[in-house]
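Structure below; questions to follow.
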Amino acid sequence: MSLIHLFLLLGLLSLEAAASFSPGSRSILRDIGSNVADQKDNAIELNATNFDSVFQDSPAKYAVLEFFAHWCPACRNYKPHYEKVARLFNGADAVYPGVVLMTRVDCAIKMNVKLCDKFSINHYPMLFWAPPKRFVGGSWGPKQEKNEISVVNEWRTADLLLNWINKQIGSSYGLDDQKLGNLLSNISDQEQISQAIFDIEEATEEAFDIILAHKAIKSSETSASFIRFLQLLVAHHPSRRCRTGSAEILVNFDDICPSGECSYDQESGAKDSLRNFHICGKDVPRGYYRFCRGSKNETRGFSCGLWVLMHSLSVRIEDGESQFAFTAICDFINNFFMCDDCRRHFHDMCLSVKTPFKKARDIALWLWSTHNKVNERLKKDEDSLGTGDPKFPKMIWPPKQLCPSCYLSSTEKNIDWDHDQVYKFLKKYYGQKLVSVYKKNGESVSKEEVIAAAEEMAVPTNALVVPVGAALAIALASCAFGALACYWRTQQKNRKYNYNPHYLKRYNSNYMVMNTFSNTESEREKER
């Protein structure tokens, strides 16, 4: 019995201790916890007293209003996401002040109960969108008609919320955007290229989406062009998930596009449809650009990302692949780039090349020179029409501060380039820098993106491009395409791609990319 009495005594003592733990004590612990995080809130906390006045006096064009409860674990977990977006628009360091007012109301506080009832809050968190003055004296109900206050449906992550806002106001804001005053100074910063891997994935997916939207693969010629570009991506795209997605499309291509006529069926049950493939994974596109984001919604973006993709491909090929890469890039732009004037101008520059490329250096320098010629032409047009990006004017690249050794001499009208130094710079900037600087400064992006990018940005292993006959002989002898075997759905599919000369002839392929993917991770580290 004495043991039972001891347990009862301990229970009473614990109850007394719990009772003595006052709300003030809990508040102290809360303060200690918050001091650990010590993060400044950018979202404006509203209550029943200041609600109308804050919205009435706001100069912002739009507002987001979050209703939450401080006791709600989901609300606490969501707060960092909401704050990521709020820092763009609110506070002294706002990147885009005066565009969107980010606010929140705690429904767990008694004075706010009636306010929350006016908006029919039945779960937490719940987000609303409207011009600020519409919230003044406003209310919302699920059965109300013609209410300018609308519910935000896509909000669960910072990315989703910002993408939703972008759609509402036709913007292209990104979570990592800086103040515009800092952007121009950073354009020549080598470390900025570390963000371009995300833009390369974005541009790859957007190019694929454009092909789907325009149903652009409609003949054996366009089919062959698409296949060649896929082969180039499988071998040398700097993102692993884009290499994987490209390979999956490539090996299923004869089912998707028999006789060069592709299926674009949108029905979920249509297995043999291009729309069922994600060339860079299901998480892409994200809906915004980073390195390539312009100061205006209509500038830079996709075209910039496509250029970065082509440059990154050009510095990853080997000598024997240079002509194949040149043909693949030129044909892809000619068949699938929908800006007609740009397409024709680029095609003319491709046609001006009379001698086949033999060295990887040659294709990298040709693409660099071509890009500068395009910039010169566009700069004249944009300066005369006022259509350029004031924060990112077209320039001869690289600027001297980015690569002083690239310049032998320069005047206002002419530059004498050191092409050896330019090539070294291109290799480093679009190759090594695309990986190493990002890994060094990975804290600047979200944890999820760091984890993904650490895997995605490994430089692909060496690839070999050989004539069709030799490729078939090697395939028969050594079962090449070993690494792609994991993507082959059946052994029959493998034989169709590796052993069937009629299949290859059907697309008039002069060369075949043979990417083994068989190097170890330690070998990839050496390549970096």
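A Cβ is built for glycine as well, from the same backbone N, Cα and C atoms used for every other residue.
Owing to the predicted nature of the structure, the values given are computational and were not obtained by experimental measurement.
Annotated active site, nucleophile per Swiss-Prot: Cys72, Cys75, in sequence order. Look at Swiss-Prot and you will find Arg300, Trp307, His311, Asp341, His345, 368-375, Lys394, Trp397 tagged as FAD binding site, backed by similarity to another entry. The feature disulfide bond is assigned by Swiss-Prot to Cys72-Cys75, Cys292-Cys304, Cys339-Cys342, Cys403-Cys406. Under the heading domain 'ERV/ALR sulfhydryl oxidase', Swiss-Prot lists 295-397, citing sequence analysis as support. Marked as N-linked glycosylation site by Swiss-Prot on the basis of sequence analysis: Asn47, Asn186, Asn297. Among the features that Swiss-Prot reports, signal peptide is placed at 1-19.
Distances, neighbours, how buried they are, the whole picture for these features please.
Taken residue by residue with DSSP, Cys72 (active site, nucleophile) is part of neither helix nor strand, so it is coil.
Non-local neighbourhood of Cys75 (active site, nucleophile): Phe68, Ala69, Tyr124, Pro125, each in the same chain, at least six residues away, with C-beta under 8 Å from its C-beta.
According to DSSP, Arg300 (FAD binding site) sits within a strand segment. For Arg300 (FAD binding site), the same-chain residues lying six or more positions away in sequence with a CB closer than 8 A to its CB are Tyr289, Cys292, Arg293, Gly294, Asp389, Phe392.
Counting only same-chain residues at least 6 apart in sequence, those with a Cβ under 8 Å from the Cβ of Cys72 (active site, nucleophile) are Ala108, Tyr124, Pro125.
Sequence-distant contacts (6 or more apart, same chain, Cβ under 8 Å) of Cys304 (disulfide bond) comprise Asp199, Ala203, Tyr289, Phe291, Cys292, Gly294.
A simple way to gauge crowding: the CB of Cys342 (disulfide bond) has 15 other CB atoms within 10 angstroms, across all the protein chains here.
Counting every protein chain shown, the number of other Cβ atoms lying within 10 Å of the Cβ of Cys406 (disulfide bond) is 22.
Under DSSP, the residues of the domain 'ERV/ALR sulfhydryl oxidase' (295-397) split into helix, strand and coil as follows: 69 helix, 1 strand, 33 coil.
The Cβ of Asn47 (N-linked glycosylation site) has 13 neighbouring Cβ atoms from other residues within 10 Å, across all protein chains displayed.
If you draw a 10 Å sphere around the CB of Asn297 (N-linked glycosylation site), it holds 14 other CB atoms from the protein chains shown.
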Distance check, please: Cα of Cys339 (disulfide bond) against Cα of His345 (FAD binding site), rounded to an integer number of angstrom.
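Cα-Cα distance, Cys339 (disulfide bond) to His345 (FAD binding site): 10 Å.
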For the binding-site residues listed here, His311, His371, which shows the highest count of neighbouring CB atoms within 10 A?
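The residue with the densest Cβ neighbourhood is His311.
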Per DSSP, to which secondary structure element type does Cys403 (disulfide bond) belong, with helix, strand and coil as the options?
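Its secondary structure by DSSP: coil.
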For the disulfide-bonded residues listed here, Cys292, Cys339, Cys403, which shows the highest count of neighbouring CB atoms within 10 A?
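Per the Cβ count, the most surrounded site is Cys292.
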Using the alpha carbons only, what distance in Å do you get between Cys403 (disulfide bond) and Trp397 (FAD binding site) once rounded?
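Between the Cα atoms of Cys403 (disulfide bond) and Trp397 (FAD binding site), the distance comes to 9 Å.
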